[in-house]
Protein chains: 2
Amino acid sequence: MSVTAPLGFRAAGVAAGIKSGGARDLALVVNDGPSRAAAGVFTANRVKAAPVLWSQQVLSGGRLRAVVLNSGGANACTGPEGFQDTHATAEKAAELLADSAGEVAICSTGLIGERLPMDELLSGVETAAGQLSRDGGLAAADAIRTTDTVSKISFRRGGEAAAAEDASSKPLGGNAGGKAPRGYMVGGMAKGAGMLAPALATMLCVITTDADLTSEELDATLRRATAQTFDRLDTDGCMSTNDTVLLLASGAAGVKPDLAEFEQKVVEVCADLARQLLVDAEGASKAIAIEVVGAASEDDAVKVGRSVARSNLLKCAIHGEDPNWGRVLAAVGTTDAAFEPDRLNVAINGIWICRAGAVGDDRSKVDMRPRDVTITVDLSAGPHTATVHTTDLTADYVHENSAYSS
Amino acid sequence: MSVTAPLGFRAAGVAAGIKSGGARDLALVVNDGPSRAAAGVFTANRVKAAPVLWSQQVLSGGRLRAVVLNSGGANACTGPEGFQDTHATAEKAAELLADSAGEVAICSTGLIGERLPMDELLSGVETAAGQLSRDGGLAAADAIRTTDTVSKISFRRGGEAAAAEDASSKPLGGNAGGKAPRGYMVGGMAKGAGMLAPALATMLCVITTDADLTSEELDATLRRATAQTFDRLDTDGCMSTNDTVLLLASGAAGVKPDLAEFEQKVVEVCADLARQLLVDAEGASKAIAIEVVGAASEDDAVKVGRSVARSNLLKCAIHGEDPNWGRVLAAVGTTDAAFEPDRLNVAINGIWICRAGAVGDDRSKVDMRPRDVTITVDLSAGPHTATVHTTDLTADYVHENSAYSS
C-alpha cells in the first residue's frame, strides 16, 4: 500500500541504471490532488546535500506536486554542479507532468561526494513517469532501498473508516470499494536505518494522506510526529547530510480530519516505519529501548536517553549480553540533566540491577537473550519520561562500514 | 624512572590479590618532601567513583603525602560503603607512614559496581609500604595496568640540568650524581587508553617533580597541560567515572623553576603519556590525528576535532583504509562552529581530497597504509587550530568490550 494507499496518489519505482546491478533505483510519487498541501522536515546537519537545499526551498511554498527519489548516490558535497543536477531533475519531472519544477521535491541517498549519472537519472524519471500507477507504492518503496534488506511501508486508516473498521475487526480490509467514503488514509514508505547504514545512513521517508489539510496543519503535525519517532532513533550518533521526511495531502477523500486523530495516525505510521528501520539496522543483533523515567523534564529524559544510546561501551556490552549497568550510569553522568548520582536506579529487562546508584538485584536474573532489550533509567527527579531507540554495536557494523566505498 | 625520577619520591608496586592471577595490582607513591604541594584534575562525569570524591576532597588542601592506586576494581557506584572503603585505605596508608589520611589520595581502576576486596587491598598497602624505594617507579607503573599491554612512563629534565644536558647531548644521563644540582625533573606514569579500555577506560596518571612550587602554581600548570593533552584524546567518546591526574612536588631539588619552562615540561610528559595511551588503545589499528585549522577560535577547533573523532562511521572507514572525506564533512556539519559548508577543505595524509566543500584531489593519491593517519580540516573561518587524537573503530574493539564482565 505504501504511499499509494491514500486516494489521489500515483507512484512508480524503476531501474534507471544509477546503481550498478540493475536493481530499482529511482522512485516517483505524484499527487493528483485536488489539494497539493505539503510539509517537510530535514536533517539538522549544516552540511546539507543539494536535494535537501532544493527541497527546503520548494517546501517553503507549502505545496508539492511530486517527489523524485533516487538511491545509488547522495548528491552531497558536490558543489554548485550537484545543485544544478538536482534542479535539472526537478525540471525534467515537471516537464513530464506539465507542471512547475517549484513544486517538485528531490531526495537522494547513497555515497557522498560523487556526482549523479544524470543521463541515467533523467531517462529514469521519464520511464518512471510512464509507469505511474495507483499500484506503484511498493515499487517506489523498493527503489529507495540502499542496504536496506527489506522495503519499509506502513499505513493507517482515520476518520469514519477507522471507526467502522474497528467495529468489524477487519484490520486489512480495503477502502477501494468506497464503503467508507468519509474516512481517510495515511500511507508511508521509508529507507535507511537511522544513521547506521553505511551511506551515512540517509533516512528518507514520504508520507501521504488523502485527507484535506493546510500546509500549516501538515507542518505542525509532521514536526510533532517526527520529534516523537524518528528523532528518538539514534543508532550510531551520526547525522546524515540527506535526511528528509515529507508529508503530502491530496484531499482526495474529501475529509477534513480531526487534527488530534490525524496527528495520532501520522505518529503511528512514523513509529511503525521507525521500528522497521531499527530492526533492519545493519549489523545489529539487538534492538535496544532506553526508557528514561523520573525526569524533571521531557528534554532531560531525551538527553539522558540519547547519551546512553550513544555509549559505544554500553552498546558493545549489550551485544555481549552483559547487563552492564555501570556503563549506563557513566553515560547518564555525562549529561547536565537534573539528577543525584546516589538516587539513580537502572533496570535491564525489568530487573532493577542498580538501586540508589549502587548494586541492586542480582545481575544473573537478567535475561539478555531476547533480541529486544529494554534499559530503564529512573532519574528520581520528576514525572517526565521519554524513550530513545538504538541498536547494539557489533563487529558486523564495523565490517559493513569499513568496506563501503573502498 | 617514572614517578621516582624526581628526588624526594619513593614508590612500590605489589600483587595484593585484588586481581586474580597474581599480577601486580597495587601501587603506592610517597612524597618525602620537603614540600608536599599537589594538585589534581578529575573526571567531569557527574557519576564519580568513591576514590575520586575522596581525592577531590583531599586535594582541596593542596597537599599530598602519598597516593595509593589499585587496579582490579574501580570502586565506582558502590554507595556509602564504597566511600568507606576508600577512606579506610587512606587511613591504612597514613598509619603506615605515621601521617594524616587527609593527605593521602586514592585512585582505583577496574570494573564498576563491585566492592573492592578490602582484606587483600589493606594488606597490599602494608606490603607496598614495606617495599617503598627510589627504584619503585617501574613496579608502580606496572601495578596500575588493567588491559594496558605495556606500562606507560615518561620524564623530562628542566632548569640548568636540561641546559647542561642539551650542551653535552646525553639524553639519558642520570642526575643522581648531583652533577646538575640546580636542575629539576618531571616524571610520570599513566594507565588506560582514553576511554577505550573496557573498564570504562579509567585513565589514571601521577606526575611528580622535585622542583619547588606552590599548590596554586601546580594547579594552574596541570589544568593547562591536561587541557592540551589528555583532554584532546578521545578514543570512543565515553567518559570514565574514575579519571584522575595528579601532580605532586617534593621541592627536593631545591629549585624554583621558571614557570613557563616548567609548564612546558609537564605538557611534554603529559603529551608523551597521552601518545602512549593512544598507541596502546585496545583493538585499535590506526592512530588518527584530527588537525583542525582555519578556525574562528580554539574552542571551535576543539569542538570540530572532537565531533570528527566521535564519528563511528568515519572511524570504521579509516579502519578500512578508506579516505572517506564525506563522513568528515558530515561530522563537521553537526557542530555549531563558525564555517560555511562550501568553504570547507579536507586533507587526509596531506592530500586535499575535499576542496570548497566538494571533490578535490584524486582520492587514490591518499596513502592509507601507515598506522598514523592525519585528517586536516580547514574551516576557512579564522587563524585558530587544535588537534584531537583518536583511534579507528575495529571488530577487536567490539570483541574486547563485549566480553569484559561476562
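Heads up, the Cβ atoms here are built off N, Cα and C, so glycines get one too.
Record features (TrEMBL):
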BINDING   B:Thr146, B:Lys191, B:Thr202, B:Glu282, B:Asn401, B:Ser406  substrate binding site
ACT_SITE  B:Thr202  active site, nucleophile
Sites among the binding-site residues B:Thr146, B:Lys191, B:Thr202, B:Glu282, B:Asn401 close to chain A [C-beta, under 8 Å]: B:Asn401
Local backbone state of B:Glu282 (substrate binding site), from DSSP in three classes: coil
Residue among binding-site residues B:Thr146, B:Thr202, B:Asn401 with least C-beta crowding, 10 angstrom cut-off: B:Thr146
B:Glu282 (substrate binding site): tally of other CB atoms within 10 A of its CB: 22
Assigned conformation of B:Asn401 (substrate binding site) - DSSP reduced to three states: helix
Three-class DSSP secondary structure - B:Lys191 (substrate binding site): strand
Chain-internal residues, separated by at least six, CB under 8 A from B:Lys191 (substrate binding site): B:Ser71, B:Thr109, B:Ala141, B:Ile144, B:Arg145, B:Thr146, B:Asp148, B:Lys152, B:Thr202, B:Met203, B:Leu204, B:Cys205
In three-state DSSP terms, the structure that B:Thr202 (substrate binding site) belongs to: coil
